[in-house]
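TrEMBL lists 526-649 with the feature domain 'STAS'. TrEMBL lists 1-20 with the feature region 'Disordered'. Residues or ranges marked as transmembrane segment in TrEMBL: 146-166, 178-198, 204-223, 256-278, 284-305, 417-434, 440-458, 470-498.
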Amino acid sequence: MSRAVSDGGENLNGSDVGGSRAPSHCGMDYRVSFPPKKSILQEFSGTLKDLFFAGDDPLRQYKEQPSWSKRVWLGLRNVFPVLEWGRHYTLGKFKGDFITGLTIASLCIPQDIGYAKLAHLPPEIGLYGSFVPPLIYPLLGTSRDLAMGPMAVVALLLGTLLQKEIDPKTHPLEYKRLAFTATFFAGITQAALGFFRLGFIIEFLSHAAIIGFMGGAAIIIALQQLKGFLGIKNFTNNTDIVSVMKSIFKSAHHGWNWQTILIASSFLGFLLVTKYIGKKKKKLFWMSATAPLISVIVSTFFVYITRADKHGVAIVKNIEKGINPPSANLIYFSGPFVLKGFKIGAVAGLIALTEAIAVGRTFAGMKDYKLDGNKEMMALGTMNVVGSLTSCYVTTGGFARSAVNCMAGCKTAASNVVMSIVVLLTLLFLTPLFKYTPNAILSSIIISAVLGLIDYKAAYHIWKVDKLDFLACLGAFLGVVFSSVEYGLLIAVAISIAKVLLQATRPKTALLGNLPRTTIYRKIEQYPDVTTAPGMVIVQVDSAIYFTNSNYVKERILRWLEEEEERQRQQNFPQIEFLIVELSAVVDIDTSGIHALEELFRALKKSKIQLILANPGPTVIQKLRSAKFPELIGEDKISLTVGDAVKRFAPKAVDSV
């Protein structure tokens, strides 16, 4: 007979989850034992460990070191992971990182110029983001595959929020200052989450909500790029789909430029074809990686020799030459824009952090290595703080360039350094060559890049698995598409939190029955063939019992009892004398939960029904003892397993099994 995990806390051998054997098989009278009582300090420290360190002792590895020098070295390695992987760095690894760095540089340079326009910033600022931040990340980060730089969704979010405070056209300097301020506070937020080990906060953005948010943002980004794609001069600043489509159709008769459309559509087709080939044949990934740069070179040359800019084709014009200028003096540290910069930065920082950690975990799982979430937060935060001081806006590890980084065969995070050096050379020597680059080609590159963010397969999978998750996904998507990026994000968070609250306030409960010829008790809903013991009702609670759900749990148990009484009455069973509450899934209980059990006991007592608790965990039984609940219902009314309780209080039911 195969082994199975019991919903009632027992396995096929009659053992409970903790491994103690039930008395029906060993002839010994095992009772529920009480764990050693902990002091307030022990309980508090244990709670902190569970919250911030997943139950681990953060100082354990230091205590095992024999000398202070080794402890210091271990501390430095923990802060700077480069000291660990750098010791094993070889020429072979460098060759892989060098080729990979060149490949992602060819992808990121045209993307960075386009993303800067998405954020309403000068194009050179986009390039700055792929020079300084990628030099910082390899020192502190734990991912081998994340490629750092600007990201489309963050650029859109930042541009949308910033232009609501300052007009980038009329006040470009103040706009840049607020962008750098937001980047500074984005980095502070990210680093603080890592330092205080508060990464669980970003878990409030569920995977489903992120899928919907990214999909909606991708559609809005693509639609906004129709300005450059069609050669429209006057275009709306709103991001919702209704405003964008109105702006497009209003300019249909007089605002579109056929030369621009020809350039954009031709190269968009080229980009999509190379991307398709790269997906179908993994060895040809370099085609899709280098296609954006090839498109920029060819289209720039075409515009230059034909002087298409004289015929209405908009071009990039001048990109400022030189490396990142310092910008610490431009950050608002006082005045009315400090709070605005903090709010915008915190939101953008959380989105950037969520994207980077999700992407990093994906590739870490593929290559079977560990990603430290808290170190990633510290690395990204430090990277953005330094970036804000060197004229960069919020950067992160985006999916597109990280995927290219992984497929190109990167060995370590040093591929970021190679990419950074290529961008440095571009800033120093090559920016004048981008003067005649048409805006249409940048729009095509961005549209091609963001289409990959629309993950309809994941959305369909979410629909099949969990309808509430799909509601969060759909809400985030519709919020972004029909309102704005920030409202879409707000809806995503609100629905995710609402789901958590719903599950916390309305936990699952279920009736249990006996599998014939065994001592195993399973949920009747899942196993319709189970039998119920006459005169007895067994209810399982599948959640911790807190003040948020204690009254619901009590009322739900009483409803189960009422329904079962009616059913057994119709079958001429004897009157119900016992109610067994199975507590193996109840990991914790508070005073409101204990009060609810006391009220349940008193309500049952009026009906001459005895309350029995089965298989309480160590935390639950300790708190029940502190509240003197066993004295209230009787020590013998707390059983090791459901089978033990049934044998003790309904032996005839056991004999008939």
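Cβ atoms are placed via backbone N, Cα and C, with glycine included.
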Remark   = Taking the transmembrane segment (204-223) as reference, the highest number of CB pairs under 8 angstroms among 146-166, 178-198, 256-278, 284-305, 440-458 goes to 440-458
Note = Long-range CB partners for the transmembrane segment (284-305) (under 8 A, at least six residues beyond its ends), listed in sequence order, are 103-104, 106-107, 109-111, 263, 267, 270-271, 274-275, 277-278, 313, 315, 404, 407-408, 433-434, 436-438, 440-441, 444-445, 448
Query = Mean pLDDT for the domain 'STAS' (526-649), as a whole number?
reply = 91
Distant-in-sequence neighbours of the transmembrane segment (146-166), which means Cβ under 8 A and at least six residues beyond its ends = 104, 108, 111-112, 115-116, 118-121, 126, 129-130, 133-134, 137, 174-175, 178-179, 182, 213-214, 217-218, 220-221, 224, 237, 239, 337, 340, 344, 347-348, 351-352, 355-356, 359-360, 363, 383, 393-398, 401-402, 404-405, 413, 415-416, 419, 446, 449-450, 453, 484-486, 489
Inquiry  = Looking only at the domain 'STAS' (526-649), how are its residues distributed among DSSP helix, strand and coil?
reply    = 62 helix, 21 strand, 41 coil
